[in-house]
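Q: Quick one: structure below, then a few questions.
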Amino acid sequence: MAEPELEELAELVRRLSVVHGRVTLSSGKEADYYVDLRRATLHHRASALIGRLMRELTSDWDYAVVGGLTLGADPVATAIMHAPGRPIDAFVVRKSAKTHGLQRLIEGSEVAGKRVLVVEDTSTTGNSALTAVRAVQQAGGQVLGVATVVDRATGAAEAIEAEGLPYRSVLGLADLGLG
């Protein structure tokens with residue numbers, strides 16, 4: 001990956017998103033820091049870097065649509081969609097289907113019959129990504145792999161690879177001075 005852009009993104013994530021202190025993660029585990037990546041994924045410069053670096057990271061996967069479980073994946077998917085390069089559309093997987101309107105679980109671009117990249121902002125256990133993977137597969141999409149901006153090195157890679165899917169991340173804990 002482009003080293004200057006990777007370093008710039010790591011610095012932005014360190015400055016904007018890393019919060020030190022005891023926190024409970026979505027997995028229920030406790031940690032001494034939290035990576036609130038929405039502070040970076042919704043930042044004008046960091047978002048542009050995320051889009052370009054995620055496209056570069058997954059450039060050998062020929063996907064047509066990108067998305068994941070709301071809320072963390074939403075700005076990552078739109079950053080990829082808007083990054084320079086070939087047209088890629090985006091979708092959002094709801095945590096539960098709507099009970100009104102069209103009652104959809106997946107919003108945005110159709111995934112049925114398409115090659116799909118599932119994304120996350122920060123991966124801990126991989127459960128959020130795997131929830132999105134299953135929703136896409138049930139809707140008829142072909143998931144090519146999972147990519148995340150920050151991997152916490154706490155089991156996500158192993159869980160996703162155990163499902164037969166490749167897993168990649170732009171940044172790890174060492175990049176953020178946490179490893």
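Placed from the backbone N, Cα and C atoms, the Cβ positions cover glycine too.
The structure displayed is predicted, hence computed values, not measured ones.
As listed in Swiss-Prot for this protein:
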- Arg94, Lys95, Lys98, His100, Glu120, Asp121, Thr122, Ser123, Thr124, Thr125, Gly126, Asn127, Ser128: 5-phospho-alpha-D-ribose 1-diphosphate binding site (BINDING)
- Thr124, Arg152: orotate binding site (BINDING)
Q: As a test of the contact definition, list every same-chain residue at least 6 positions from Arg94 (5-phospho-alpha-D-ribose 1-diphosphate binding site) whose Cβ is closer than 8 Å to its Cβ.
A: Thr70, Arg104, Leu105, Ile106, Glu107
Q: Is it possible to get the count of other C-beta atoms within 10 angstroms of the C-beta of Arg152 (orotate binding site)?
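A: 24, counting other Cβ atoms within 10 Å of Arg152 (orotate binding site).
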Q: Quick one: Cα separation, Arg152 (orotate binding site) versus Glu120 (5-phospho-alpha-D-ribose 1-diphosphate binding site), in Å?
A: 12
Q: Among the binding-site residues Thr122, Thr124, whose Cβ has the fewest other Cβ atoms within 10 Å?
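A: Among the binding-site residues Thr122, Thr124, the sparsest Cβ neighbourhood within 10 Å belongs to Thr124.
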Q: Do any residues at least six apart in sequence from Ser128 (5-phospho-alpha-D-ribose 1-diphosphate binding site), in the same chain, have a Cβ closer than 8 Å to its Cβ, and if so which, in order?
A: Ser26, Gly68, Leu69, Gly72, Ala73, Glu120
Q: Name the secondary structure element type, per DSSP in three states, that contains Ser128 (5-phospho-alpha-D-ribose 1-diphosphate binding site).
A: helix
